[in-house]
Amino acid sequence: MAGSRFVLEGRISIISFISGLGVIIIPLLVKFGSHIDWIFDYLTDVNGKIAIAVYITVINGFLLIIYKGPLYKVAVRACFLGFAFGCGLILSFADTTWTYFGWYMCSLSFFHYSEYLVTAMINPRSLSLDSFLLNHSVEYVVAAISSWIEFTVEQLLIPEIKQVNWLCLVGLVMVLCGDSLRKAAMLTAGSNFNHIVQNEKAQTHMLVTTGVYALFRHPSYVGWFYWSIGTQIMLCNPICILGYTFASWRFFRERIEEEEIFLIHFFGEDYVEYKKKVFTGLPFISGIRVNS
């Protein structure tokens, strides 16, 4: 049953993501034969905006006809993320000062889509619309919007600070490495991974200490932590770099302490010994204290 669910919903998400990604063919059609430098002109052109609106409307119509109920909700979210990824690619290859925001759009949309897809692969029983993490929390949404506002305001008022190429590349490396580490942690943990902290031990729940878990006790949090900060370094957002660092650090400190209470309850001395040997992976976060 779980395997068939992955086949169905995972396949739907892939098809829908690619459908949204198909937006990249529009500038090729509109500017057929033109150099790639013209792509940004297409995005700011009225006809281009109309073409995008028509494309999304048509794709959404097809999804609504093909999929019903919960499957449509999966499809439309995956399609939206594919569309955002496609727009990010267009900006990334355009001759514009918004290139790095295109990188950001690609990294953000792929992060959320891959969260759903990998969950479908490793733990389909826990799969839900929440697996996209699009509704993670109010604070998460506020943080994202704040970064968009900061980038836009600084881009308009002091655009030179948005063109520190080496810093943007550092951010890109952090984003790629952070997301790769998180997905490696999810794949290594397999069905033991869940986006929600578990307060009851399942029969199949095992303590994973191999792979990336031999390096860090909480590799998925380590990856997410550096991914989130990397997105702001990539955007050269000085205010959000500081804000994201503090907010992410505080969130994961509380999350790790909460989770380790249950892990010690589940696995007892085995987890205590593992805790002594392997550190969390996050700076100045040691996890829950255990009395000797």
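Glycine too: its Cβ is placed from the backbone N, Cα and C atoms.
Whatever TrEMBL says is automated annotation, not expert-curated.
Checking TrEMBL for transmembrane segment across the ranges 12-30, 126-144 points to 12-30. Only residues 6 or more beyond the boundaries of the transmembrane segment (74-94), in the same chain, are considered here, and those with a CB under 8 A from a CB of the stretch are 9, 12-24, 27, 36-37, 39-40, 43, 56, 59-60, 63, 66-67, 101-110, 112-113, 116, 129, 132, 134.
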